[in-house]
Amino acid sequence: MGDFNLALVIVAVVVCVIVFLVNVYLLVNYQHPDDANQAYFPKFVVVLGLSIAAISILMLPADVANRQACRHAIYNGACNLTLPMKDLWLAVYILDAVLVFFVIPFAMFYYEGDLDKTVGKRVKSALLWMVTTAIVCALVLGILYGLVGKVDFTVRHLSSSTTAFPSTWTFNSNEQCIGSGVHQCSAYSASPSSEKTWTIRSTFPEYVVALATIVGSVLFAIFGGVGIACLPLGLIFSFLRRPKAVITRSQYIKEATELGKKARELKKAAEALHQEEKGGSKGRKFRKNVKEVEKELFQLEEDVKLLEEMYPQGEKAETTWALTVLSYLAKIVFGVLGLIVSVVWIIHIIIYLLIDPPLSPFLNQVFIKLDDVWGLLGTAAFAFFCFYLLLAVIAGAMMLGLRLVFITIHPMKWGATLMNSFLFNVGLILLSSISVIQFCSTAFAYYAQATAAQEIFGHTLESLRGIKYLYKYNVFQIAFVILAGLTFVYYAVFGWRRKKPSGRFQLST
């Protein structure tokens, strides 16, 4: 068993290094050229945040492997020699909460500060916002922890009478207890009135994780429910709306002229909004106009990309067109595979979480069978399904961000992603990762039983005063399935249409 633990530690260290290198690679290739060789603090926060999110997802499979390290031990206390997963969970999620509620907001406030101000003033402004956020969060956490930071466990008092010690033992399937004719031990025939509530105070770190999970669960139910449908369907309908052939040069010039005209209009609108902002105008009308300009700009960029695909230029134009065709073929393949995964997820949620008692363990049993085939196969499939939920959250946030006024658009584009978009998406990933872990530990409770994650996210979280009813009545799971169904219907009706920009601005200047 010691060799197994050593191997687990080595694998964990290697995985952490790989995750860090992958995140650095993503940062370097996704960052905007304007951020090259600068904004080092936001970049550090991005790499750290992405690494924490990825490691937290991989910790659940590691928790399962850690549990298996002492499963066949023959001496007491063997599990005390394994990795301290509960302490690691709490440390990771406390760091997660600090990044989401303090560090990332500070980095965003500093990065988005007025460039006309000095560095000192930008730091001061960002610190003021962060300190204000810290005070509010500390007050809310302290008050809630003092008032309702308790765990209510429902327990049943079991008791039975005494009887003389028998001279012979006659236990069988018809008589499981001492005494002739007794078919059920009296301790287990207690009346429902014997149920009592056992109340203890949760630890403060567990309570912070619980509240962060609630906030993340709201975002997860909304974005994840929408994203699990729009992630594969977006790829499929992108293939269906693909350019079928290369356009002529005259068509290209005509379309490029129209896009140039639109770009000049957007530039004029953006300059007017900048003047309004300097004049102190930041009301509801101003925010609505900013949102409209962002949507128009995003659509303009998509139109430019599509035009470049339809009319490739340069010496390798034919090669470029061939790669474009292959990319759309990849989209339809991954879209169909993603659709299968999404449907499997929805079926699993319904038959295992929403129906009581569950109709079948379903994916739990699949993972166990895969583990029997090869030790890490079930673990890898388990990690894949968890990561897929994170991708669904990002896809859902992108889709809703293009349609709802109160959600800011932060697109991730290869070689053109600004640090504020990076930070926003990292914060979303971090906040949702807590809920993804909680959701996976519940959805795969049979596979991940007796783990430290299930102790934190299962027993404690689902018994926390004031919060337990959200999990008792499966509020988040039901919202997730309903939103997924509505999104499937939306794509079936409107998905084939190409959304056109409105071109309407209500500028006061």
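Cβ atoms here come from the backbone N, Cα and C positions, even for glycine.
Bear in mind that TrEMBL entries carry predicted annotations, made automatically and left uncurated.
Per TrEMBL, the feature transmembrane segment maps to 6-28 (among others). Packing against the transmembrane segment (6-28) from elsewhere in the chain are residues 43, 46-47, 50-51, 54-55, 58, 62, 65-66, 69, 83, 422: each is 6 or more residues past its ends and has a CB under 8 Å from a CB in it.
Residues annotated as transmembrane segment in TrEMBL: 40-60 (among others). Cβ atoms under 8 Å from those of the transmembrane segment (40-60) belong to residues 15-16, 19-20, 22-24, 26-27, 31, 85, 88-89, 92-93, 95-96, 99, 103-104, 107-108, 110-111, 382-383, 386-387, 390, 419, 422-423, 426-427, 429-430, 433-434, 436-437, 440-441, 448, 451, 453 of the same chain, restricted to positions at least 6 beyond its ends.
Taking Cβ pairs closer than 8 Å, the transmembrane segment (90-111) reaches residues 39, 41-42, 45, 48-49, 52-53, 55-56, 59, 122-123, 125-127, 129-130, 133-134, 137, 205-206, 208-209, 212, 419-420, 423-424, 426-427, 430-431, 433-434, 456 in its own chain, all 6 or more past its ends. The feature transmembrane segment is assigned by TrEMBL to 90-111 (among others).
With a cut-off of 8 Å between Cβ atoms, the residues of this chain six or more beyond the transmembrane segment (127-148) that come close are 101-102, 105-106, 109, 204, 207-208, 211, 465-466. Taken from TrEMBL, the feature transmembrane segment applies to 127-148 (among others).
Feature annotation from TrEMBL assigns transmembrane segment to 207-240 (among others).
The coiled coil feature in TrEMBL is assigned to 256-310.
Residues or ranges marked as transmembrane segment by TrEMBL: 332-355 (among others).
Under the heading transmembrane segment, TrEMBL lists 375-402 (among others).
TrEMBL lists 422-447 (among others) with the feature transmembrane segment. Long-range contacts of the transmembrane segment (422-447) within the same chain: residues 27, 30-31, 42, 45-46, 49-50, 52-53, 56-57, 59-60, 64, 93, 96, 99-100, 104, 107-108, 111, 209, 212-213, 215-217, 219-220, 223-224, 348-349, 352-353, 361, 363-365, 367-368, 378, 382, 385-386, 389-390, 393-394, 397, 408, 410, 412, 453-454, 457-458, 461, 471, 476-477, each at least 6 residues beyond the stretch ends and with a Cβ under 8 Å from a Cβ of the stretch.
Residues or ranges marked as transmembrane segment in TrEMBL: 475-494 (among others). Long-range contacts of the transmembrane segment (475-494) within the same chain: residues 217-218, 220-222, 224-226, 228-230, 233-234, 237, 342, 346, 349-350, 353-354, 435, 439, 469, each at least 6 residues beyond the stretch ends and with a Cβ under 8 Å from a Cβ of the stretch.
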